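Okay, structure first, notes after.
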Amino acid sequence: MALLMETRLLLRKVKDLRCLTQKRHRVKEKWAATRIKHPATGLALQNFDSTYSVQLGPLWPSVRAALLSEKKYGALLNNYGHDDVQAELQAKGCKDFPSDIETEAQPCLEQEPEVAGEEESSRVSVNKSDLDAQQLPALQLSPNIKCLVFPRGDITRFKPARPDMLGCLGYYLMDAASVLPCLALNVQEGHNVLDLCAAPGGKTLALLQTKSIGFFGVNDASVSRTTRLRKVLHSYVPKPLLSGEKLRITTFDGTKWGEKEKNTFDRVLVDVPCTTDRHSLMEDDNNIFSKNRTGERRRLPQLQLDLLLAGIEAACPGGEILYSTCTLSQIQNLSVVEQAIHTAREDHGIQLQVVDLRPLTHMFRKTFDFAPDLPLGEMVVPHLAANFGPIYMCKLRRLT
């Protein structure tokens with residue numbers, strides 16, 4: 001017993017000696033070496049809770065639950081493949097959502113888009129309620145794009161695609177909502193098309209499925225992302241098409257594209273970098289909400305504006321521009337489009353029309369959930385029964 005007491009006293013004295021040890025020689029416990037105190041995913045969720053709860057109101061709890069759940073995929077069919085993949089997937093219960101459209105009680109199909117006039121302020125919006133009574137021509141979609149999805153509420157996963165006899169994979173797995181901007185772009189025979197921020201390549205591949213493009217400019221500012229884009233295209237598209245004169249892949253600063261090629265393209269897709277809400281909530285790696293990327297995140301709206309303005313300049317008069325993101329943020333969506341319309345008019349003398357995409361939301365409301373009453377553009381919001389998105393899109397038509 002005496003020995004035990006002496007041992008305890010000795011240990012207490014050893015602990016007391018720490019106060020005599022210089023701070024630089026003290027050793028801290030290493031409990032934090034493998035555990036991040038404030039992970040980026042947690043910071044993202046805090047940001048979204050404070051922002052989207054106000055923006056979306058009572059819709060946010062259901063959207064939040066969907067964002068934190070496993071997302072649902074669609075299978076973009078590869079028209080360059082030779083296997084009958086579509087029949088195989090349909091036998092499993094899939095449907096091709098671009099052909100499975102709602103046709104009853106369709107509202108006005110295309111807005112005679114609003115023009116930003118001299119008397120308008122920098123804030124441009126479309127009052128959709130004033131347009132409900134108008135009957136206008138049908139909204140045309142890009143042809144030949146097929147994307148199969150499982151029905152609402154069915155969370156069956158797709159198996160990895162298999163290569164055919166020529167080595168082309170049968171389908172590309174992606175968020176089915178990401179196909180909507182490609183459909184809305186309305187690529188027609190012989191059009192010159194620019195995909196300004198193309199990587200990782202899903203939307204580029206979707207546009208190639210139209211087989212209607214006269215010339216296709218594919219660009220991304222990142223060398224590593226462009227390398228990934230090339231790998232995707234080589235897995236799905238025959239080599240002669242990739243090496244032909246009708247397709248050009250570049251690594252160029254998209255914000256300066258207006259200096260490179262003005263008034264050139266019939267269709268321009270501007271799928272800008274954004275906070276990628278779903279990724280930000282699920283993955284800590286390469287997360288825009290990491291503390292060392294705070295400055296980059298704050299610069300996103302300006303980058304998005306510069307890219308959209310470059311896309312507007314690249315389009316020819318009469319051409320159409322499709323702006324899209326994968327975030328719910330109004331600052332990165334609505335605000336960027338409004339500022340681009342104003343800046344294009346004031347600084348570049350370019351008049352733009354806003355094309356109403358409500359017909360698109362009506363056609364595909366059986367497959368996707370859309371945010372109600374957006375003043376400008378349309379947005380797919382995640383829902384547990386149809387866990388696609390988020391995808392925001394706004395279509396502009398250049399007049400001058």
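Backbone N, Cα and C define each Cβ position, glycine as well.
As the structure is a computational prediction, the values presented were derived from the model and not from experiment.
Among the features that TrEMBL reports, domain 'SAM-dependent MTase RsmB/NOP-type' is placed at 97-399. Positions annotated as S-adenosyl-L-methionine binding site by TrEMBL: Cys197, Ala198, Ala199, Pro200, Gly201, Gly202, Lys203, Asp220, Asp253, Asp271. Here TrEMBL flags Cys326 as active site, nucleophile.
Here the features listed in TrEMBL are painted onto the structure.
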{"residue": "Cys197", "record": "S-adenosyl-L-methionine binding site", "Cβ within 10 Å": "21"}
{"residue": "Ala199", "record": "S-adenosyl-L-methionine binding site", "Cβ within 10 Å": "25"}
{"residue": "Gly201", "record": "S-adenosyl-L-methionine binding site", "Cβ within 10 Å": "24"}
{"residue": "Lys203", "record": "S-adenosyl-L-methionine binding site", "Cβ within 10 Å": "24"}
{"residue": "Asp253", "record": "S-adenosyl-L-methionine binding site", "Cβ within 10 Å": "13"}
{"residue": "Cys326", "record": "active site, nucleophile", "Cβ within 10 Å": "22"}
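On the 0 to 100 pLDDT scale, the domain 'SAM-dependent MTase RsmB/NOP-type' (97-399) averages 90 in the predicted structure.
The two recorded residues, Cys197 (S-adenosyl-L-methionine binding site) and Cys326 (active site, nucleophile), show a Cα separation of 13 Å. The S-adenosyl-L-methionine site in the record is lined by Cys197, Ala198, Ala199, Pro200, Gly201, Gly202, Lys203, Asp220, Asp253, Asp271, and its two most distant CA atoms lie 20 Å apart. Taking CA atoms as the reference points, Gly201 (S-adenosyl-L-methionine binding site) and the residue listed as 'active site, nucleophile' are 15 Å apart.
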